[in-house]
Structures are given as C-alpha cells and as structure tokens.
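> Please see the structure below; I have some questions.
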Amino acid sequence: MNLVLKFSRERLIKAGCLLVQIACYFALAFYVFGLVLSVMGRQTFTVHTSTGTYDRVVYAQESYDGNAEGMTITTQDGIYVRLNQDGKIDLTSQIGISLLYAVEMVPAAVAVWFLSRVCTNVHRGEIFIGKNAHYLSIYGGVQIFSALVVPFLKLFLCFVVNQMADSQIAISTGQSSMQKLVSGVAFVIAAYIIGYGVGLQDEVDHTL
C-alpha cells in the first residue's frame, strides 16, 4: 500500500512539474511578445493633456483623447506621461517607456527560465541534486534583485530620459517589491537547504 501511495505521489509531482514547465514556456513567450508590442508603441500608460487625463493610452494612436484600441501590453507600474509643447509624445519618451518594460521583463524572464530548468529535472526524477540548488538560488537572487534594485533602475531611467525629451514621463513603482523579496529569500533558503543536503549525501557516498 505504501509503495502504491509513493508511486502515485511521485507521478503526481512529475505531472505537476510538467505543467509548471509548460506554463514557464508560455510565460517566456508572453514576455517576448509583450516586448514586441511595447517597441511597436502598444504599451499603455496614463497621459496628461490640455483637455484632461486619459488612461490606457498608447504611443501608436493618433489622438490621446481616449483609450487605445486593439492589442496592448501593460505593467504593474503606473506610467504617467506629460505631452510636449506640441501636444505630442517624443520618440525618446516612447523609447524610455519600452525600456521600462524591458527592465521589468528581462529579470522576470531569467527567473522563469531557471525555474523551468528545475521543473525539467524534477520531471526526470532528479530532485535533490546540486543543479536544482544552483538554479533555485539564481531564481531567488533574481527575485531579490527585482525587489531591491529594479525599482531604482526604473526611477533612474525616467530621470535620464526626461533630460533628453520635452515630453516627461513619471512612474509609480515598487508595489510588489515586498512580495518578490520574501519569495526570493525563501527560494535562496530552500536552495541552501537542498545544496547542504546534497553535500552531506556526497560525503556519505565517499565514506562508503
């Protein structure tokens, strides 16, 4: 009976890891597709015009007095744009908006990629191995980086872009920093525990 339960549990874990792995690949594809949309000027933001403030506006639309139509991409951050003297958004500001998305997307994509590597190993039955500890530590490190460093990178990016453009951008960021920080620390601790266990097992194997 115990063998049956163990076998069923193992199959369930492997199936779950396979689903997470597939979800990771979909997430990576979504990140890349979102970056393409952002570069095409389809990333939403809030714009301040002479007639009012409008949400869900994109650079590609002809008039900013209304919401964007068609496929768009957005981020958790609030991005706000003030038009230049001609009532337009400078190309430099649009490039800055795309860079804001890239700064958010690249660390997330790196973290998801290493998480998919862990799921691949677990699906193969390789659970307590050094590679998984290494991958999980990278995942946790990237999450900590996203929580502590990325928000300041975004603010610095806005400052630099605003020095080179007449239209101005501002950002409200850091809303999910605490969640990412806690998650990152938890994964680093888990990676350390797995790595420590692997090291002990190696010592036992050498002793035997």
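Every residue, even glycine, has its Cβ placed from backbone N, Cα and C.
Not measured: the values here are computed from a predicted model.
Not my notes, these are from TrEMBL:
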- 12-37: transmembrane segment (TRANSMEM)
- 95-116: transmembrane segment (TRANSMEM)
- 136-161: transmembrane segment (TRANSMEM)
- 181-199: transmembrane segment (TRANSMEM)
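Please situate the listed features within the shown structure.
Residues 43, 71-73, 98, 101-102, 105, 108-109, 112-113, 115-116, 119-120, 122-123, 125 of the same chain sit 6 or more residues outside the transmembrane segment (12-37) yet have a Cβ under 8 Å from a Cβ within it.
Sequence-distant neighbours of the transmembrane segment (95-116) (same chain, 6+ residues past either end, Cβ-Cβ under 8 Å): 20-21, 24-25, 27-28, 31-32, 34-35, 38-39, 43, 45, 59, 73, 75-77, 79, 81, 135-136, 138-139, 142-143, 145-146, 150, 153-154, 157-158, 160-161, 165, 169, 171.
Here the transmembrane segment (181-199) has Cβ contacts under 8 Å with residues 128-130, 132-137, 139-148 of the same chain, all six or more residues outside its ends.
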